[in-house]
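Peer 1: Swiss-Prot lists THR65, PRO66, ALA67, GLY68, GLU69, GLY70, LYS71, SER72 with the feature ATP binding site, giving similarity to another entry as the kind of evidence.
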Amino acid sequence: MKSDIEIAQSVALQPITDIVKKVGIDGDDIELYGKYKAKLSFEKMKAVEANEPGKLILVTAINPTPAGEGKSTMSIGLADALNQMGKKTMLALREPSLGPVMGIKGGAAGGGYAQVLPMEDINLHFTGDMHAITTANNALSALIDNHLQQGNDLGIDPRRIIWKRVLDLNDRALRQVIVGLGSPVNGVPREDGFDITVASEIMAILCLATDLKDLKKRLADIVVAYTYDRKPVYVRDLKVEGALTLILKDAIKPNLVQTIYGTPALIHGGPFANIAHGCNSVLATSTALRLADYTVTEAGFGADLGAEKFLNIKVPNLPKAPDAIVIVATLRALKMHGGVAKSDLAAENCEAVRLGFANLKRHVENMRQFKVPVVVAINEFVADTEAEIATLKALCEEIKVPVELASVWANGAEGGLALAKTVVRVIDQEAADYKRLYSDEDTLEEKVINIVTQIYGGKAVQFGPKAKTQLKQFAEFGWDKLPVCMAKTQYSFSDNPSLLGAPTDFDITIREFVPKTGAGFIVGLTGDVMTMPGLPKVPAAMAMDVAENGTALGLF
């Protein structure tokens, strides 16, 4: 079979002006970035606000293997299948980060015959959103350091600046740096560090803002440092929220592209789900809901991370909650959760599927807590056997969850038709009655305990010394009514990445909290989750090249 990029490059793309007509968008409603990419205008987003929202389908997954379980691919294939059934459907997905593209993942725009196009552009610089976010973030860093240099009227303690610089690359050497070295004219020497751009609070803000006014307010509410007397310093104190909004005025507009089958796709924003809230922008999802009868969206990593955050953090900012949740499972991941070594995953092992099913079962039970119907999608791989598939289907029937095999990677829309029909049937027959897991009025401590015990299956939460101090401080600052965004490994329900399956009787330790007051949540740090990833021994970048005619090579 052809590689992803060979398939993508074999497709005759339609002009984006033709694609968007399918959902009632005219040429005057978009700003073109070449023939095949566009941004949606503020005017059009405002004009459709009165429209009744369509059906919303959230795609999530079990705890993944390092290669991922195909959520984006499944989301794309499901949307294509729904359109093939005659349902007016749009996609609302995240845009890839260049760091993982060059690192472990290669391309991140779907796969096989379920891709968004032009995949080379989407995976590289796209419409420049990542660069705008990086620039806004680092402009704020420069303005903070300039404030220190020019007299420090706000009394910022250089030892307590919590705002870091960012870069859209995996670069472990930049995790901790010293800035301001050389001489007094180079600034005030202090410790600093770099995060990856998608971990920036500005990325989260862009994805939760509802318009330019809301974007500016959220930027003003960012906490960047503390004074010598331990009081928080906000962006509004520096009076630069207007400048940051100006840098982001185009980046806030959702991007329009197409799938291989011509399904319109809004791709916008890309926070990671293990260190941020893991969902595409509220603007993209809300607009898709008001343009189409069905919107398919995804949340990063497993349902314990992305879907939990989608349902607790993003949904309150949307016109409606999901009508159905699709949990993607692969037999290779279930076997891994059942104790099979990575090198042996290709061998048939029905017993391991049974043991690993505990992971999928917990995710199904967790999503049902939110009172939204659940469907399981088995993402088919060549090594899957009939006996393993039959075993998994029987286990799903035991817990009364609908299950369908999907082969969208190999067969595109046709490979997703059975899943699409089941999802539509479930939506028609089972009305969602969305219920949030916790209330804003709960304390931060109560919210964390709720997530750990109700979603992760943990026994208790241990708060480290710094976290205990912060619980008191944050209550004094009025931040304790914000939602909690857990930073945790994606590979396990616990904070130990090697504890697979569905562990119980474990504790999770919160070592510290990070205020993201502009985004409107508090991050709880567990384990050794890094906000600046490193590259693997053999980076995906080593297989990439460009032909003499400018064609991209090796993007998977």
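Note that Cβ sites are derived from N, Cα and C of the backbone, with glycine treated the same way.
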Peer 1: With an 8 Å cut-off on Cβ-Cβ distance and a minimum sequence separation of at least 6, pull the same-chain contacts of LYS71 (ATP binding site), or say none.
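Peer 2: Listed in sequence order, they are VAL59, THR60, ALA61, GLU298, GLY300, VAL328.
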Peer 1: Among the binding-site residues THR65, SER72, which residue has its Cβ surrounded by the fewest other Cβ atoms within 10 Å?
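Peer 2: If we count Cβ atoms within 10 Å for the binding-site residues THR65, SER72, the smallest count is at THR65.
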Peer 1: I'd like to know which of these binding-site residues, PRO66, GLY68, GLY70, is least surrounded, judged by other CB atoms within 10 A.
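Peer 2: Selected from the binding-site residues PRO66, GLY68, GLY70 on minimum Cβ neighbours within 10 Å: PRO66.
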Peer 1: For GLU69 (ATP binding site), just count the other CB atoms lying within 10 A of its CB, please.
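Peer 2: For GLU69 (ATP binding site), the 10 Å Cβ neighbour count is 24.
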